[in-house]
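Colleague: Annotations per TrEMBL:
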type	residues	note
DOMAIN	16-60	domain 'LysM'
DOMAIN	75-119	domain 'LysM'
DOMAIN	134-178	domain 'LysM'
DOMAIN	192-236	domain 'LysM'
DOMAIN	250-294	domain 'LysM'
DOMAIN	308-352	domain 'LysM'
DOMAIN	366-410	domain 'LysM'
DOMAIN	424-468	domain 'LysM'
DOMAIN	482-526	domain 'LysM'
DOMAIN	543-587	domain 'LysM'
DOMAIN	604-648	domain 'LysM'
DOMAIN	666-710	domain 'LysM'
Amino acid sequence: MYYNSYMPNKCPMGTMPYMVKAGDTFYNIAIRCNTTVAALMAANPNVNPNSLYIGQIICVPMSQPQPQPPCPGGTYYTVKAGDTFFSIARRYNISVDALIAANPNVNPDALYVGQVICIPKTTPPPQTCPVGTTPYIVRPGDTFFSIARRYNISVDALIAANPNVNPDNLQIGQQICIPMGTPPQKCPIGTTPYTVKAGDTIFSIAQKHNTTVDAILRANPGLNPNNLQIGQIICIPMGTPPQQCPIGTTPYTVKAGDTIFSIAQKHNTTVDAILRANPGLNPNNLQIGQVICIPMGTPPQQCPIGTTPYTVKAGDTIFSIAQKHNTTVDAILRANPGLNPNNLQIGQVICIPMGTPPQQCPIGTTPYTVKAGDTIFSIAQKHNTTVDAILRANPGLNPNNLQIGQVICIPMGTPPQQCPIGTTPYTVKAGDTIFSIAQKHNTTVDAILRANPELNPNNLQIGQVICIPMGTPPQQCPAGTTPYTIRSGDTFYLLAQRYNTTVEAIQRANPGVDPNNLQIGQVICMPGTPPTPPPSGCPTGTTPYTIKSGDTFYLLAQRYNTTVEAIQRANPGVNPNNLQIGQVICMPGTPPTPPPSGCPTGTTPYTIKSGDTFYLLAQRYNTTVEAIQKANPGVNPNNLQIGQVICMPGTPPTTPPPSGCPTGTTPYTIKSGDTLYLLAKKFNTTVEAIEKANPGINPNNLQIGQVICIPKA
């Protein structure tokens, strides 16, 4: 049947409107209004009786006036809103029982407004309480526990004195009987009663009385330790002997902050020894006040002959331990079968091999211990050898997963790569590209690729040796043009502005060149007037640069397509951790493209940074990818270069904060191995606080040399 919840403008004759209240149902409305559910449904055909809501108006049939109940010698009373038999009895100083007796046909639990009842005139004596008890009228907020506590009696004594009272359903104005001089709860001999107070727990009570939880529970069978009630009386063992610990152990009470590992460390024992002395102990759920048994004089973990025990400390890793003891990870794992190297625990004792012989390397090689920052290529460069030679001497070595402390074998006197006649070997350095190498040696990319079949020009490795053709003639440009070497950030559009020419003129002078795939070091022919080069007071191959707010060697290395080490070599005596605004340094590498002479109206110049994409820039500048592409014809959005300058439509984002860190934080330069988690531990702060102080930081892509702000503890 379909119902709707309408509000009738007018109820039919013989009915009256009624507003639904909280808890109303057709059943209790029918009882209250002296009608029936069927009559209610007939008067409200469109009302769903199962879906009443507060404030809904329904029509209630008016019943025939009820004859007044007989009331010999008494007076009649008309029920008002909020009346109960208890409140009426209290008002007339009679008992509820007398009121019920005078109204045998009235349901005291279903009074309704307007109902007429009889108030007896001859008031019987008030409810009498048994000898030894005194009457008490229940007040708002009273419970048996609070009443018992107020009268210094027990809940059990209160219940015994009121056998017909439901302690879970006390009524305001209800009379109960309070035992007088009720003796305190009888506790067994050897125990003393204790009244539970706010904040008490079974553990805090045990601690306060120098006893144990087990002893309290034995003295209070049936006690629920997880549901203590304020005012509840429990029995506390007196002089409870401390928990009996086995011979050779001593009891210890767990304190706030204790862990099974910190307890073991504090008592110069091991977790295993504590667990053996406490069968059934859950080491992951220690409770404050809990008593456990600590082995005394626990002998240190027995390590095999030729090894020595070591206790793991905060920050230890299997690799740092191996390095500290001049041994190897493999040797430690062999001495500790079953050890999980990825889950070392502070306080855990492991066995360290003593005098572990260095890894045996084949004849003609020498052992080398990997250090922080090492790569297979930097190691090859450092030892004047090649990556291939190292890999041949270390079968099974994973060059992409070197571990600090790992020992590898380095070939001695590795002969240089043999290059064909007419070429000379060259070792790839940091920052090299196939184009910059071609430019440096006055040759072409094609000539280098012909001399190095199978060379992948997009994956040059530091330390890799390639063959360079000698005497390759430079590229010839047509009359009226000059050769130009592509730098980071160059586009045909920006070059046209710089040389006072057009994109079309550059394309005509360079048929076959893809303007959307320019490569750093590539040589093209430029029509137009070359810009005047700026003067330089720095060594050849470097340019002067004035330090600005926020600059670091790491950011400058990215901007100039060089390395932090190359900047340090070009600036001996400069402290990279104390750069000053206005300080002039010499920059190796390729200077970033200056901003275009003028971006179109409604756009502003922007220098590409690490991680930038047209999509992210569109979000940052509140514009669209299409608008950025329209403002930068000729720019390949899939090949943006760090330091490249483009024209940005839209609204520039709020200026980022200067390098000076906010008040309450201090700058920190990222080092090898740093993570936000380790930094939070080192500086006694949290990962969330560091992220909050460095909005926009990517915790999964920290860069060595990057400067971040650390909150002060």
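Cβ from N, Cα, C; glycine included.
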Colleague: At least three Cβ pairs under 8 Å linking the domain 'LysM' (543-587) and the domain 'LysM' (666-710), pairs spaced 6 or more in sequence?
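Modeller: When sequence-distant Cβ pairs are counted, the domain 'LysM' (666-710) touches the domain 'LysM' (543-587), since at least 3 lie under 8 Å.
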Colleague: List, by number or range, the same-chain residues at least 6 past the domain 'LysM' (308-352) whose CB is under 8 A from its CB atoms?
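Modeller: That would be 261-262, 264-265, 270-271, 300-301, 359, 369, 403-407, 678, 681.
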Colleague: If we call contact 3 or more Cβ pairs under 8 Å (sequence gap 6 or more), are the domain 'LysM' (366-410) and the domain 'LysM' (666-710) touching?
Modeller: yes
Colleague: So which residues does the domain 'LysM' (666-710) touch in its own chain, when a touch means Cβ under 8 Å and the partner is 6 or more beyond its ends?
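Modeller: Residues 314-315, 372-373, 404, 552-554, 557, 564, 576-577, 611, 659-660 contact the domain 'LysM' (666-710) from elsewhere in the chain.
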Colleague: Are there residues at least 6 beyond the ends of the domain 'LysM' (250-294) whose Cβ is under 8 Å from a Cβ of it, and what are they?
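Modeller: Contacts with the domain 'LysM' (250-294): 203-204, 206-207, 212-213, 242-243, 301, 311, 345-349.
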Colleague: Quick one: average pLDDT across the domain 'LysM' (250-294), no decimals.
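Modeller: It averages 83.
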